[in-house]
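First up is the structure itself, then whatever we jot down about it.
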Amino acid sequence: MATAVKTTKGTNPNEVLQPPEQVQVEPHQEIDKRLETEEQKIDVNGVSVSPSLSTIDLTPSEDLDVSEFTVKPPAREAGEPTYRGWKEVGRWTPEDALTFDDELVDLLTKSTIFDKYLPSVAYGDWYHNAGYLIVGGLLSWLIGWFRFSMAPLFFVIVSFSLLYRSSVRKYRSVLREQAQREFSIKSIENDYETMDWLNTFLEKFWVFLEPSIAQIVCDQVNPILAASPAPAFVKSLWIDSFTAGTKPPRIDTVKTLHGTNDDIVVMDWGFSFTPSALTDTTTKQMKNKVNQKVVVKASLFGLTIPVAVSDVSVRGLARVRLRMMSSFPHVETVNVSLLEPPHIDFTSRVLGESIFNWEVLGFPGLYPFINEMIKKYVGAILFTPLSFQLNVQQLLAGNALDSSIGVLAVTVNNARRLKGFNGVGNTLDPYITIGFTNKVLAKSTIKKDTDEATWNETYYIPVVSLSEPLNLAVIDYNEYRKDRQVGSIQFDLECLLENDKQPNLSAPFIRNNKPVGELNFGLQFMPTIEPENQADGAVIPPPDLNTGIVRIEVIEARHLKSSDDKGASTYAEAYIGNEKVISTGVQKNTNNPGWGASHEHIIYNRAKSKVKVAVKDKSNKIIGRINLRLNELIDATQVEQTWFPLSKGGEVRITGSWKPVGLVDASGAGGYSPPIGTVRLSIDKADDLRNLEHIGKVDPYARVLVNGFQRSRTAAVESTLNPTWNEIHYFTVSSPNQKLTIDVMDVEAHSPDRTLGSFDVKLTEIISKNEKGEYVEYIDTEKRESKLIHKKGPKGTVTYSLSFYPTLPVKTLQDIKEEEEEKEEREKARKAKEKEKANSAPAGFKEDTKQEENVKGDDKTKKDQPEDDEDEEQDKSKLELSLDELMEYKSGVLIFEMIHGSVSRENSYLQVFFDNHGHCDYASEKLTRRDQKLGKTGDVIIKELEWSKAHFRLVKDKEANRLEKAIAETTIPTLQLLKNGYHEPTTIDLSGGGSFKLQCSWVPIIYESEIPPQDSINNSGNAKIEVVRAENLIAGDRNGKSDPYVELYLNTDKDYFFKSKKVKKTLDPVWNESTTVEVINKYDSFIKVVVYDWDMGPEQDDLLGYGSIKLSDVPTDGSEVELSTLIEGENGEDGGAAFFKVSFKPEFILNVRPGSGTHIGDAFGHVGHVGVGAGKGVVKGVGTVGKGLGGGVKALRKGLHLGGKDKDK
């Protein structure tokens, strides 16, 4: 009896290639032991049955009455496979490894007696084989005719069996010789190439890779089969054996087509996945050459039924088109098309390998039927000229295969010369349907009785693939009959890749291959804006737009309440606004239903969109509902908080994925999500960063992302692995479930910046509510340290702290206007309904009854839909304050909507700066026209409204900083801007030409005490430092004296900003020298004092000691204060003291330089990294921040820092 052996890592000793590490597979029990266990019988009610039958769960079918049962049957458990991989399926052991002699010997090498004595002309060809069968059958018939005994028949059967076997063996040998002859001859040249290098590698590596593939397949598929909706009588369903065989798939031929565009690569790939030829092989060879085999077992009615599929053969010719792009992963889309129907063959046996197995494909007509079904269903997707398109960027972003890649705007202008159908009363009432294949995504209005229809209507539809043609059909509307299609247009969308906007298109409607009219229309494709993933793991985030595509998934529910013990029979409906987008099927008799329904929807105003989900029973009664703002759902999905409580008990799991799309002329493009508060991020420093440079060190900066969108960034610190930033960043949050990411980057001059690592912070740790449901203030009492995670492993830490300050829930002017509009619409609807009711009152009883039924139907529909009570309560809790009342709060969020712009130069950008921010708080898209609609909204945190200023600039470069040259600019106090633009839009005129129209709102920030001192306007300015004297310094020379001088450093900068003169031969020097340094963050800054002993000659000056002065001890009124610091020697000994006079004058300091001021541009701070990045201290950063990609060469700069003194250690 054969036995199953343990999976082992033993390999053929003749193999050169070493196998990779495989996952340890548990050894299976021997087959004979398993069979002995199954053969043991027990007695149940006098009948001998197997133990497995005695434990069968006899759950009745769903068709039977199960009301008397109170316990649900257990769910199916995932079965464990018996054999995984070619070694287990083939029963391979280390002793079965083939030697060179074993490979040479097969069954053909052993000759029979006929091979030795029969002449060659007597056997070995196809007619010999046919002759032996005919003669053997004839002799058998004659023996039966003459009524002979069975003895001569036995000799006839044996003789002709041996003859046939010898003849067939020789025939197969001849065929192999003919094939070898063909292989030895050089084929006639063609334009196909071979992939022998890849095929050879696969042949060597496949035997090691296949066991892992088989294990992964079994582990992934068996739980899916166990959860499949199979009938109740199927107790278990699992893959019992799986192997992909020892022969790997092959790429037979490859041809690259010429004449394509520079960014297009088109290749023809001939592929095959065929089984090995096992005829005439020995038993040992068969264990080393295993073909594909899958055995699926189902347990039903106490029996285990196996179905085996083996010897799978697939061969085809595919055309692959790659569209390349410059950014990583350098392949934008992949289109695959089959040039011919693939050849597919396999062996399928019911009852597996038992003697009673039945070859399914032996059933007449089944094999051709399978091939025809493949052609029907696969051909509509893959057969040329159609193709299956993969968007590589979408897949890398984690989107589903059927996820939309963009939005198509279809403008239906007019139709001409439409030809309808002849017949009595057949007038033409046309309307247009827009969609793909048989799926209609949009319909135009109906035009009555005309063949020259004009619409001028624009519709937006999501697009999954541009390889599928757009279907535009003209339909004849019939009031009492079924609508009838007049004709259709199939339009290839691939042309939109070259020109995404084609406004003037014309195409004929086709019916029965004949034109029946013409349609004038326009198309514009707007792709989804995906984050760009760089090769090193860095992500370039997309813009945070208010328009795009959302993917809603209603996955499952749990702990639902039902009226009986059987469980509820429920389905779910999802609404976006008042439009139903999802209606799932009914899940019967379970309080934990799973639906797995999804839908993608175009969103024109994300800030105002709402999602409603209702769980209903079979009688359409709502047993639970949830109302969410779309932003809340998207934020919760980001942090994987996808379970939401239902109103009447239980929970439902919903996800929402967002993909921004720049919809042209969308009404809600400038929408804004009101903040619940602001997060204050104090980012101090980073230590032990990863050095990606071969020469020198990285130039790190930190950026802040919320839900993957960049909000702000620090300035870069030049050439260091331990940067100090001391920056304060403010940004708004609209939900506690938003994901905060801190990413440390390295500035690159001529390529995208590289990531040094990142980490996520859960905002739910700092955002909470009190008993009244109000958000409360939170301040970190201690500094946090988080490890940076990189694809190469964790390296480096960031020191930072977080605070949360809630905003006052107030109604914006837009909220008030929307409420008034809704009230007016409700009032109009009420009056119209009353008027209609009054007009219908005199009618007969029948009409009254009909109207009453309609009213009841409307009431029922309203009851079925989820209500908006929660949202209304939230709106009622907001305060409605006047502008004067709002301006009493001096700290808040300034929200500004850019409405319209008139510029003096095309292809320019509008930038908005506030206070001393060096990088812009808002940057528009490129203004391609001199008069252009903007429709974008930004925000910024203003800490002291009475001192704040707004600076507007028109520039050529979107990433230009505030010191770059501008085309036109102007400055206005923020308080005045708020007063002018609150009630109605205000126009800002730029000196130099151009103007912009905007409108503002103000949302106050609530501080329990006062704003932090670091955020005050007095925290930046010029510090004047007078180095007075020192005493009791350490003697550095042999004469007991020193020649001391002092160097002053700001924070941890490696370069000093002041160096005093040396005073010779003294331990109590007096300098009386002064200097001034610009400081961005006085409260958190300090002056490092380093005292050296000057030595004559090339040797390095001796370090006498160091100390520090805290600038937080200096008053901000400009008065001078005397400060001193103890000097600590190099070994910790007392090194004396130094005395200073320090004063501070508050001023606005811009911590940026023009692009020409540094080789790398404006990435670095203005004063040797003094108080880096305060220019972004309180900025949301709507625009993309400059990356310092100036015109210099970073490598040259780094090469100049070799061999210098390292005094900053």
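Cβ coordinates are placed from backbone N, Cα and C, and glycine is handled just like the others.
Source: prediction; values computed, not measured.
Matching 1-27, 541-567, 757-783, 973-999 against TrEMBL, the residues noted as region 'Disordered' span 1-27. In TrEMBL, the annotation transmembrane segment applies to 294-318, one of the ranges 119-143, 294-318. Within the chain, the transmembrane segment (294-318) has long-range Cβ neighbours (under 8 A, six or more residues past its boundaries) at 49, 52-53, 56, 79, 83, 225, 230, 233-243, 268-275, 336-354, 357.
The domain 'C2' (384-506) shares the most Cβ pairs under 8 Å with 531-644, out of the stretches 531-644, 660-776, 1002-1125. The residues of the domain 'C2' (531-644), classed with DSSP into helix (H, G, I), strand (E, B) and coil, number 9 helix, 56 strand, 49 coil. Per-class residue totals from DSSP over the compositional bias 'Basic and acidic residues' (825-838), listed helix then strand then coil: 14 helix, 0 strand, 0 coil.
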